[in-house]
């Protein structure tokens, strides 16, 4: 299946149903009074995280999701039916952005997590709500309010503990193949990896971590060279980055300059990502003897101004790989994920009169005589009825 990590969708919540203007009509009851019911609330639009999904490709074809409108109120104080909600399932790790405002509405990081992205409109009120001692035959009603309408940008960001960085052909895919059951394509040409991939590294029965492999970066990636830097977003949730350096590039390039290019592209993309813990890992040490590899790695680290620990490995022959993985596991255990504050579910808001509507009702006080005749031929199309509009 094609990997798609960005999509745009339109969500439209249901409008609220209108209130009804109606009067009780029954034999031997000449003055039945108002019995117009309220409308129903409009349906909401929800997003739900599903761990069984791993791409947004479905939303390249289906881009519009609309909740059901609330039904209008009816006579005999019958309330309109509430509109049905719509639930849109997205992969775990999806970030939701409102295109109109640029606001991040939420991150779907847990299976089953739900996020309301479109609130249905409020119901309108029927004329029975307006009856009073001075207005026994009200012809007022309120219309339902429109539901929310939004254009949403969905961005899938992989959930991994460890992210891998490096130039093309640095050995990232070979490394993930050697430590996990993932089988990304490996070949002797640049940009063999075209889409991100995940691998689970199991250290024992209880300890494991997830590593993410993304396509390689080259100089000018921030300006669109190569595959660009858009895949770097998949590393934003990683706790540590492994910067793989080919200790002896086959193309004769300078390893120090290659490392600086990666750091520069990271800084151009995001200061936050550039500030993440980053470990230096020299790969392909099996191509030279141990002493030469150690001397070369030391020279490269000094030229970079690197003062922290670095690792020498061979992903192909798994030299030094196990020790590196155990150190990564220890780091992950010592630095657990900080639990983000769970999004609070919006509370159900009951309709409340505001000052404007109270004032309007007070101004509508009309004296009604006991012998006043009821309008027996009235129906909902009567143009003399008054409609009240309210806002949330």
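Quick reminder: no glycine exception, Cβ is built from N, Cα and C everywhere.
As written in Swiss-Prot, here are the features:
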DOMAIN    1-159  domain 'Obg'
REGION    127-148  region 'Disordered'
COMPBIAS  129-143  compositional bias 'Polar residues'
DOMAIN    160-333  domain 'OBG-type G'
BINDING   166-173, 191-195, 213-216, 283-286, 314-316  GTP binding site
BINDING   173, 193  Mg(2+) binding site
COMPBIAS  363-386  compositional bias 'Acidic residues'
REGION    363-392  region 'Disordered'
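Features per Swiss-Prot, on structure.
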residue: 166; record: GTP binding site; DSSP class: coil
residue: 172; record: GTP binding site; DSSP class: helix
residue: 215; record: GTP binding site; DSSP class: coil
residue: 284; record: GTP binding site; DSSP class: coil
residue: 314; record: GTP binding site; DSSP class: strand
The one of 172, 284 whose CB sees the fewest other CB atoms within 10 Å, among these binding-site residues: 284
Model confidence over the domain 'OBG-type G' (160-333), averaged pLDDT: 79
Protein Cβ atoms within 10 Å of residue 314 (GTP binding site), excluding its own: 21
From 215, 284, 314: binding-site residues whose CA lies within 10 A of residue 173 (Mg(2+) binding site): 215
Cβ packing number for residue 166 (GTP binding site), 10 Å threshold: 23
DSSP residue counts for the compositional bias 'Polar residues' (129-143), split into helix, strand and coil: 2 helix, 3 strand, 10 coil
